[in-house]
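Here is the structure we will look at, set down as structure tokens.
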Amino acid sequence: MAKVRAALERIRDPSVQTALSEAAYTHVRPVLKESLVNCPYALSNDEADCLESFGITVNPYANQTHTHAACKVIENRMLEIVGMHLPKHSCTMLFLKRSKLRYMRRAAILKDVFLNKDVEPKDLFRYDRDTIRSRLQDIDTKIAYMSDTLHFMSRREIVQLFEDSPKLETLLATVVLPVEALHKRTSLYPSLYSINYSAKGFEYIPGNHGGGSYFHPYTTLEWLKVRMINAEDFHKLSTGFILTFQLVESLGANHLFIVQKAKLLTPQMRTFCRDSLVTLPQVFCPAAMNANRPLSKTKAMQMLLYCKSVKQVTERDIYAKIRQIIPTSELELYDPDEIVHLANYFFFVSSLDSITCYEDLLSSDIWMRLTRPLRTAVRKFVELFKGKQDFDKLLIALKWQPFSYSLEPVDFTAYFVSRRVRTLAKMEDISWHQAAELARRLESEPDLLSWEDLCSKPIADPLASVSTPPLATLTSPAISESRVTDTSSPKLTNISVESILHPTSSNHATIAESLNPKFCGWTRGDFHHMIVNQPSDRLKGCRSWSYTTSPDVDLMLENLLLTPIPWESRLSDILLTLNTPANACCIQILDCSAASAWVDWSVQPIKTFPVAFVGMGETTLTFEDDSTLPLKEGEFVFFPPEWLARHKYQIKTASNLHLCATFLVLDTTLLGETLANNCIEPEPLRPTASRKSCQPTPSVDKSGADSPPEKQIVTPIVDAAVLSCRPKLQDVTKPTKVLMAAETSDSVADSLPWASWVNLLQKHGFKGNQQQIAQDGQLIIPISDIRKLPHIPFPEEVPETLRETLKNIKRFPVEITMQHKRAGSYDSDIKNNRTGKLLSQMDNKWKAAFAYKLQQEDRKVCGTIIHGCGGSGKSFAIQEWMRSLKEDQSVVTVVTPTVLLRNDWQTKLPILPADVFKTFEKSVIQPCNPILVFDDYTKLPPGLIESVVMHHQNVVFIILTGDNRQSVYHETNPEAYIAALPEAVEIFSPYCEFYLNATHRNVKDLANKLGVYSEREGKLKVNFASHHLKASRIPMLVPSTMKRNAMFDMGHHSMTYAGCQGLTAPKIQILLDNHTQFCSERVLYTCLSRAVDRIHFINTGPTTGDYWAKLESTPYLKAFIDTYRDEKTEVYNSQPASAEPTEPEAPATHFPTAPKPLLEPLVEKLTDKEAREIFSPAFGHSNAIQTEDSVVQLFQHQQAKDETLYWATIDTRLAISTPEANLREFNMKRDIGDILFMNYAKLMCLPPEPVPFEERLWKISADEVRNTYISKPIGNLVNAASRQSPDFPKNKIALFLKSQWVKKTEKLGTLKVKPGQTIASFMQETVMLYGTMARYLRKMRRRFQPDNIFINCETTPEDLDKFIKSQWDFSRPAHTNDFTAFDQSQDGAMLQFEVIKAKFFNIPAEIIEGYIYIKLNAAIFLGTLGIMRLSGEGPTFDANTECSIAYNATRFHITDDTAQVYAGDDMALDRVSIEKDSFNRLEKQLKLTSKPMFPKQVKGDYAEFCGWVMTPAGIIKHSLKMHASIQLQKKINNIKESARSYALDLRYAYKLGDELQEHLNEVEADYHQQSVRDMHLLHQQDVLNKGSASPPHVFEKTADANTAGSSKTHKRNALKKKKQTRIAEILPSPDATGLSSLPFRFF
């Protein structure tokens, strides 16, 4: 082919080349057209290259977008391949939409059958409703196709599909499973998809877009290994069959399998990709210190040759080479430790000698040849002791092992339920097990009953019309519909939470004593016949058999899935004796004198039925607390499922071939059948007299006759005390039920779920006899978060009185691990002054000694964790014990998080010295006693507890009290290590045995709203106001530190929500503002739980529905808001309506005639012309105040020819610097620019990853810039001829003064002339290049710009009007900025922001460097300018706008629901934004400053933007500016040319009519009326009514000779028209870089 190509390239004849191109096009065109079917999407280069490597043709002109286009193309290609394999007749399509047929190239005439099933919620919208089936069965075609669903199904379901479809022979199935997930490797094709791994499975993310991701358990990867499935009948009624799997095609993670119902040959290996990876040998010890992950062999060879080609390789050289050979796009595929191990391996290899240490054969004499074997043997013997030489070590280290993704297929076995059994079960409404028994009887006794008899129509019942059957049964006729609960069933009345979770705190000393074995009468002989010739699974010390009622029931022991065996009738008989349901039974035969492994049922999906354990021999059950329960033969016990979820047991026996059975009720798989009819239940027992109390009371109708009793539903036989969740009380009419004293203890135990904990509640000061309801309707449990922990003895240093005190409240010592890493983090922050106040002031020697003492391993210390809500008395018992101590005690030290809490302890224990109570920093510096009490430890810095315990080695016992529901410590310094540590409550909560959810502080109403139990009587009083309580020292709680400081300065006793922990007050004030909605539940719980019975809410925020909705989203605060509203509603409803008539509203009137003249107040303030002009000794006065007309003199007329104004503008607006100084400033402020961009990116919703460069969009932007420039008048092009020259310096600026009338409202009638504005004219090529960059970045920005941000660029006033009406919120003050010297203040930080933004959008590096160059070296005739914004540099407007956005995003907290408008240096927000605390440090490093203004958004005080006033009715022009501009145009005789433009702007206010009365004050209304009158006099009424659709008015051509300056203007214009104009040809500049895609030359 190369010779053919070379021959074609030698052809130079244009006609022949044209003919060849046309011939090639005829071949290419149909290919491209066909490729659009599978690939209609626009692809990146990497995606297109990857697809072409798969043999998939892509169309480079496709323009559709998709979140995962490449993976979608592969899916379409797979469908095409499937279509090639399918025959041209009807087939069945499973899990496929009809619209996919076009990708398979199949016509509708084939009449394919579609069968789908709803598995996920999105399937409800994916498939056509007429194709949905409740069960996939009865496939009538020989061939079927299953689309991308096989990996979500189990092997059992596929086997069942073939069994239920006898005609089905071949199944084509596609799966989406990345083979690299078998090894937990990164994606083989990162441009197509990525993979996230977790403990439960992995996430397949096509197109790296989370919206299309799928989660797979690791077990689904077994589909890649399946070769054959041996299908066997679960009930042994029919012969099985074999399914053969063969991989037909593999494209990335998509694979196509053919499943044939036959035993066929398949390849021995299953190949997915070429082997290109190797694993490096292990050369270091331990094995984990080696580079164990596969590496590309090419990269490994590159590294080896580099290490051996460099004279002396250093560690840094190796890291540099690794960075060089790994592309930037692949860096995320490597882990840091992997790179380190890789570098160590090659550094080790580089240090070994590669010159052979063996002798050569050519120079050996006869003596050496004869003695060579001996010398070789001696050498090997010496190496056993001395070690191998470097060359041998090198060869061993270079034995790379190939790493392959190829698999060896595996055979599996799966069970199915025969079609006959399913049919019988459905016809007779019986379980599969019963149907299987019936089928066996049909086969064994065909004369007695045949299959046809079952299928025939049933005979009518002659007794159906009889009201009472002659022989009524004593029990319910159907088990499946109703069942009478037998009270003799194994209810766990003897098993309680106290006895199981905390056996030492109940009447039973151990778990074993709390269980009550019973006798069932079954022996080992009753089971032996069942397990003969049945497959068993070998486990530790035993053999196991798994009997299940369905193959869908999976039973697992010791992480091994047991082989299912069909249910035996003998097991159903045993269930009758035990009176418990079950669908699984595990039978175990233990070896003699052996003990089984610890049995853990927590991995099983056990339902709420108890688990029955039956022992058939002398058995001993051993529990975690070392207690034992002996069982005799035939005895059984019940375990509640809640207990099994947390505990394990072990089976021991001394008898030979001991047998035991465990009965369970388990759930099924995701796509399996439900177990409603597959659960074996015992026959119902007849109620006896002893059970009358358990029977429902029959209802009585109006006639007095008893109505039939309702059917009883089978309920879980579990005592209420072991329920892990609070019961939902549907019929509670009162929030509290108090048990009377006359009730017995048994009735108390029956009515209270926490009956076994009442004694503990009483020891904490509660009666514990009330049922209280939380705000959500749930029963409040006073004891929660119960854990079973192993106890350890108290240390000898703990006094006996403290031991008894803790035991009395059921707080026992446990072993707590103090992590040295947490202590080290706190120590590092102290050492480097990142946290702390007192400790950071310690000298360096103390800090060094402190750090040295903490350099140790984890320390285990004895301690007790006490958790409880506020006011529960967590520290009461400890304080009572401390009151008994002597004054000079040296036993205990109390550590508190705040001074307030320390003073509280000292007040309650005045007898003890003050040094016993320390704040947390003092506890580090000063010595501590052996017993440490950390009160409210959740507010201590992370790592401090560990640091104190490790620092004071004499500490042997610690007590931690706190509330894990309240706020925790917050580190304000993000650089501190402890800011990234888990909270202390997360570390120590697992060591707490229970949580006391009861309080003495809050009244019952308040506590119940917080979900807390309380017995304190009283009424909760809640009131709202917009102000605080004056002349009051009631504590005020505020959401932010800023508000707290402000309130404190005003004399209030203020605290933050999170910082009020430890406060208790009868009444509190809570300030609600916009920050409240962002507070967490912990913070609000802390805040609301401070009061006893009165709360005063202060609402300083808006009262809109959105605001209340946000506050109501907080569960705790919603309860108080609802309470307040209910009280207000009652007050309003109790007040009758006033009988007096109301006065009607006044009608809207037309605008009155405005007084004249309106501008006179401004004219009166004017002084003489000379006093207002700027004076220069060199050039005299400026000439900005022109004519003698006083109205014209209100406006400054800045002209380019005014030398005085020109030099005054240069002195004011420009700053002269040097390139070196500019570069220094740029480097010094890079960090600030980075912060600006990060805030900008967050506000503008930019993606997390950089955006690829789009060459096509760049070309479009370049064409727009070029067309805009060429569309200018020829005269303008000729005047700029010098700047079009390639000899014009790239960094030079031609400086001009901008000619303009100054019409800004704030500068109207300014007494002193202000400097003007400069126009900086760069080289034309420079302007067009960076104008292109600005347009490109503008287009890219719009893709991500959120809807609540409006940028007034390439928009119309109509767009702005729509935005204001739809997005702007006028119910709150607005926010605008008045920047000072905006252009001159854009320094190096802003330049870095622009550079980072350009890099983020992947602007070519040479363009960015060129932009930096002109910004740092911009020069005028006076020298190099400082870094600033110049008006003619190309991206002026866009850059100004972006810098304004970045500045505001960095300075203020701008929420997502804030409407924002930007244009250059003009901006406005529809809410007042709070300044960030971090801006205090940034403000000094930014030149740019601004003065925020806050319009109240009421009549006369609305926000302004680009000359428009934003009102609730829409935008209107500023009345004063509009009127003054019209008067100016009238005075200079230019009104006729500009009247239409002014009328179009005025129309937005004019069309509002009388509604303007609500938005304009009296003065503004006068200006507006006069402007409208002027427009009517100028015949612009049609424009005011119809807008731009009205035709322009033609004025008569008249000249006003008396108007100043008008005759000169007309003469000058006429003279210009007569001048002959030169034509200049603009040639494109050559492409200096070779990048033909960019239209301008780079530098």
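Each residue, glycine too, has its Cβ placed from N, Cα and C.
Taken verbatim from Swiss-Prot:
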type     : residues                                                       : note
BINDING  : Gly868, Cys869, Gly870, Gly871, Ser872, Gly873, Lys874, Ser875 : ATP binding site
COMPBIAS : 690-700                                                        : compositional bias 'Polar residues'
COMPBIAS : 1136-1155                                                      : compositional bias 'Low complexity'
DOMAIN   : 59-224                                                         : domain 'Alphavirus-like MT'
REGION   : 686-711                                                        : region 'Disordered'
REGION   : 1131-1155                                                      : region 'Disordered'
REGION   : 1587-1620                                                      : region 'Disordered'
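Projection of Swiss-Prot feature records onto the structure.
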| residue | record | CB count, 10 Å |
| --- | --- | --- |
| Gly868 | ATP binding site | 25 |
| Cys869 | ATP binding site | 26 |
| Gly870 | ATP binding site | 25 |
| Gly871 | ATP binding site | 21 |
| Ser872 | ATP binding site | 26 |
| Gly873 | ATP binding site | 21 |
| Lys874 | ATP binding site | 23 |
| Ser875 | ATP binding site | 21 |
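Of the chain residues outside the ATP site list Gly868, Cys869, Gly870, Gly871, Ser872, Gly873, Lys874, Ser875, Phe876, Thr961, Asp963, Leu996, Thr999, His1000, Arg1001 have their Cβ within 8 Å of the site's Cβ mean position. If you take every residue in the domain 'Alphavirus-like MT' (59-224) and average the pLDDT, you get 89. Look at Gly868 (ATP binding site): DSSP puts it in a strand. In this structure, Ser875 (ATP binding site) belongs to neither helix nor strand by DSSP; it is coil.
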